[in-house]
Each structure stands twice: as structure tokens, then as C-alpha cells.
Amino acid sequence: MKKLKLHGFNNLTKSLSFCIYDICYVKTAEERDGYIAYIDELYNANRLTEILSETCSIIGANILNIARQDYEPQGASVTILVSEEPVDPQLIDPTEHPGPLPEAVVAHLDKSHICVHTYPESHPEAGLCTFRADIEVSTCGVISPLNALNYLIHQLESDIVTIDYRVRGFTRDINGMKYFIDHEINSIQNFMSEDMKGLYDMMDVNVYQENIFHTKMLLKEFDLKHYMFHTQPEDLSEEERKVITDLLWKEMREIYYGRNIPAV
């Protein structure tokens with residue numbers, strides 16, 4: 001697509017949202033509590049702020065405000081308001097203060113923003129634990145959130161990823177012609193590095209006429225050691241390893257396809 005000469009500001013809104021999952025198997029209630037405490041500390045509000053601040057640098061956005069909060073018993077959220085143009089440092093709020101409660105998040109959606117919420121959880125009986133990071137990067141103007149895609153997936157050590165990208169609104173050129181998208185895209189995968197594509201099985205569901213793009217990703221390589229917490233696979237019997245592997249694969253496929261799979 002040729003470079004457009006716009007009439008005024010680029011009014012398109014580009015939103016990239018995705019869920020990133022980390023899966024783990026634990027043998028005891030103590031291991032479960034230990035995993036949740038570990039993952040909650042690993043992705044606390046301070047670390048997430050560092051990741052999102054670097055994301056702003058990658059996409060060329062200027063930080064206006066940062067709100068962050070660690071929650072009890074677990075979970076964290078960070079919201080960063082950003083602008084495309086440089087801003088007067090005197091107008092920036094550099095202080096730290098609690099992030100929004102879930103019902104208050106909509107108050108941030110009228111600006112360009114980057115936000116993340118984390119959700120550690122566990123199965124009541126089967127020993128399965130999942131950590132989900134829910135991330136949204138929404139920008140107005142020429143800034144593209146797709147530039148941060150590889151960085152965010154790598155930083156959050158993802159087993160499964162579901163990604164949605166949408167362009168909303170329209171902008172006009174100097175002749176008054178409306179444009180509902182200002183760049184070429186037929187798949188989110190086009191914005192991923194080759195090494196990233198090699199790590200995951202991927203599936204697209206796109207609605208081109210609505211400028212809606214969806215990609216699902218499932219890690220190809222399965223190493224049981226990667227999914228155990230404080231237990232080594234070699235300390236388990238062959239039958240135990242098979243049972244745990246089957247449980248993990250079923251859990252991962254259910255998350256990937258977004259539906260429960262009946263036991264065979």
C-alpha cells in the first residue's frame with residue numbers, strides 16, 4: 001500500500017489483544033501452592049511494568065501515565081497510557097499508584113493504551129495449573145502494535161497463544177477519500193519472525209472485509225521436564241509419565257481449540 005497523504009490526524013484505532021498461557025503439572029497441594037506463588041512473583045506488577053515499558057519503546061510510543069497493582073491472593077495488572085507524539089515532561093504523571101479495578105478498566109479505553117492482567121489458576125483435583133496473561137495494545141495514529149508481537153510472546157514464555165488484531169474507524173486523505181485500514185495485512189503471522197513460526201503450530205481465522213484477524217498458536221516441542229514443578233520426569237514410572245503427558249496434552253488442546261474434549 002502506497003504512503004497516504006492524510007487530511008489531519010490518522011484516526012484509525014489498531015488493537016492487538018492476546019492471551020498467553022503457561023501450563024504446569026504438580027503432584028501435591030504443596031507443589032500447587034508453590035507454583036502459583038512462584039509464577040505470581042515472576043510476573044508481578046514491577047516486572048510487567050518493565051515489559052510494557054519496553055513494549056512502548058519498541059512501537060515508538062511515549063508514556064503518559066503508568067498505573068499498576070499486585071492483587072491478593074494472586075494476580076497483577078498494569079495499564080500504561082501512551083501517545084504518538086512527544087509530550088511535555090511537565091504534563092506526565094510519573095508517580096506510582098494502584099491500577100484499576102476490573103470494572104474500572106473501561107475508563108482507560110478512550111486513549112491509546114497498553115494493559116496486562118494476570119490470572120494464575122489450578123484444577124481442583126488433576127494437578128494441572130495454568131497461568132494466563134491477558135494483554136491489550138491499542139493505538140491511534142500511525143503506531144502499530146504489531147511491532148511488539150515477537151517481544152511479548154518471548155518475554156512471557158508462552159505454551160499457547162491466542163491473538164486478535166482489529167483496525168477500527170477510518171481516516172481521510174487530502175482529497176477526502178476514506179481509508180478503513182492504512183497497511184497491508186492478510187495474516188498476523190506475517191508480523192512474526194521465522195524462528196517464532198518454527199516454534200509453533202498455528203491456525204488463522206480471519207474476517208478480511210471487517211479488518212479482523214485471529215491467530216492461534218500451540219508450541220510444537222513437548223518436553224515433559226518443561227511442564228513439571230519440583231519433580232523430575234526420570235523420578236516417575238513410565239506409566240506415570242504417560243498419564244501426566246496425556247493430561248497435559250488434553251489440557252493444552254482444549255485451551256488451543258477453545259472447547260472441552262471428551263475423555264476417550
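Counting begins at 1 with the first residue displayed.
Glycine residues also receive a Cβ, built from the backbone N, Cα and C atoms like all the rest.
Per Swiss-Prot, active site, schiff-base intermediate with substrate is recorded for Ser112, and the stated evidence type is sequence analysis.
In the three-state DSSP classification, His117 (active site, proton acceptor) falls within a strand. Marked as active site, proton acceptor by Swiss-Prot: His117.
Under DSSP, Cys140 (active site, proton donor) is assigned to a strand (E or B) in the three-state scheme. Marked as active site, proton donor by Swiss-Prot: Cys140.
Residues or ranges marked as pyruvic acid (Ser) in Swiss-Prot (evidence: sequence analysis): Ser112. For the recorded site, Ser112 (active site, schiff-base intermediate with substrate), the DSSP three-state label reads coil. Ser112 (active site, schiff-base intermediate with substrate) has a Cβ environment of 25 other Cβ atoms inside 10 Å.
Across the fold, the C-alpha of His117 (active site, proton acceptor) and the C-alpha of Cys140 (active site, proton donor) stand 22 Å from each other.
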